[in-house]
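Please read the structure below before turning to the comments.
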Ligand SMILES: C[S@@+](CC[C@H](N)C(=O)[O-])C[C@H]1O[C@@H](n2cnc3c(N)ncnc32)[C@H](O)[C@@H]1O
């Protein structure tokens, strides 16, 4: 904890002392703007006065700074990635102020490299830190390492060990970055550690922990080998067994597969989307589960840069989320309420399935996320069937007698089913969160149930694979609410997604989709 705090403080110092560094460092020619102007980022012309360094590879400099923003600045890896090229200027402002010099602008290839390196380095953080600390002379060296130096070392290790890039070029490039962004001594340290790593890798003798000892020791070793928090490994070993837990961690560490949904509300068919993807040369395959969906393994950045998302031509939506909408089975003319709706992935898909007749009320406690929902609804031409309600669901249901045909509660959850896409989530999620989330899920379920008309449907869903957030919450709810019973999922989703109890469940390892869960419950008439 103290170590983390020390790193946060030094990160803050690094960012806020940029003006000082710019004027005191001989490497970074003087910035002439005020500190407040320089904090504004892209629109600040000062960065053009910084020295342009053509020796440092820009994607590594950007990756190192982006990693610090994610680890210490609260930025989310997936959001930074999705902004892609459009945010280039803004990001370059951060980079320059953090390292004290300019790099050349990123081209499309650099942007893809940044996405890959940042995602991979975050996922493999625990594993990489184990290697780096094992290769430091003293334990204190690793503990007291300044944040930027640590990020550069992590990038170098990741490139050598996981990307199998030409090792001596990787060493040289990262040494150059450390020297330019920090000081010559930092470059020497990067050189020493990465060269040792290259030799150990060549001799097939990386210093990795052995899978031995009691359950705790084995969980710690697995947590390092597959780079996850120990508490997650122990939980999965308990619920899934060791072998399945390993398969799940391998999936979480693999490159994410994305699905795109053609926006039928705008008259766009899957065939239209396929034509566009062909013209962009993005490899794709039709979803075997959903008519409007297409799956892509690579090329998301190309899709983003092409503007297809901004135009509302299609959305990024995993099949696992689309199948939850299939379980709700929205029909034209129905009155539906989406209780935790923002940013609106499922609201928009449900609305498009109403074909202009009926209504989806979208409730959420988060105003900012609701704003995104509202804007996207207009973009997608479904705003005529969406009503937005900013409220805490628990208070909303106290003051409302609204009764709906269908109620979707896509509850706040741990997100343990989406760790392959949310690279940083595994490090942000804590065991203590699970208890709090379960209480909130129970309260929201009770509140949502009040909105279901007699004979109506309540769908409870999560993007978690954790039984305590899924089956256990439903079982506890049914005990409190005997007026509800399970409506088996097999009439709405393909049979291999249906559990013995009649729930919908997508399993990353089995289905190659995000992990998700949903129960369809019917209220007695
Ligand atoms: C899993 S996300 C919903 C994702 C959304 N259904 C979609 O498909 O895009 C959970 C949402 O619950 C909202 N939320 C959390 N607590 C809430 C509460 N007490 N009342 C209403 N919404 C709440 C959060 O703001 C968050 O947007």
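Any Cβ shown, glycine's included, is placed from N, Cα and C.
Unlike curated records, TrEMBL annotations are generated automatically.
Residues 340, 341, 342, 343, 344, 345, 346, 364, 392 are recorded by TrEMBL as S-adenosyl-L-methionine binders, and the candidate that the same record lists for that site, out of 329, 405, 410, is 410. Following the DSSP three-state reduction, the secondary structure of residue 344 (S-adenosyl-L-methionine binding site) is coil.
Taking the Cα atom of each, residue 463 (active site, nucleophile) and residue 342 (S-adenosyl-L-methionine binding site) are about 14 angstrom apart. Taking every pair among 340, 341, 342, 343, 344, 345, 346, 364, 392, 410, the residues recorded as binding S-adenosyl-L-methionine, the greatest CA to CA distance is 19 Å.
Packing around residue 342 (S-adenosyl-L-methionine binding site) is summarised by its Cβ count: 23 other Cβ atoms lie within 10 angstroms of its Cβ, all protein chains included.
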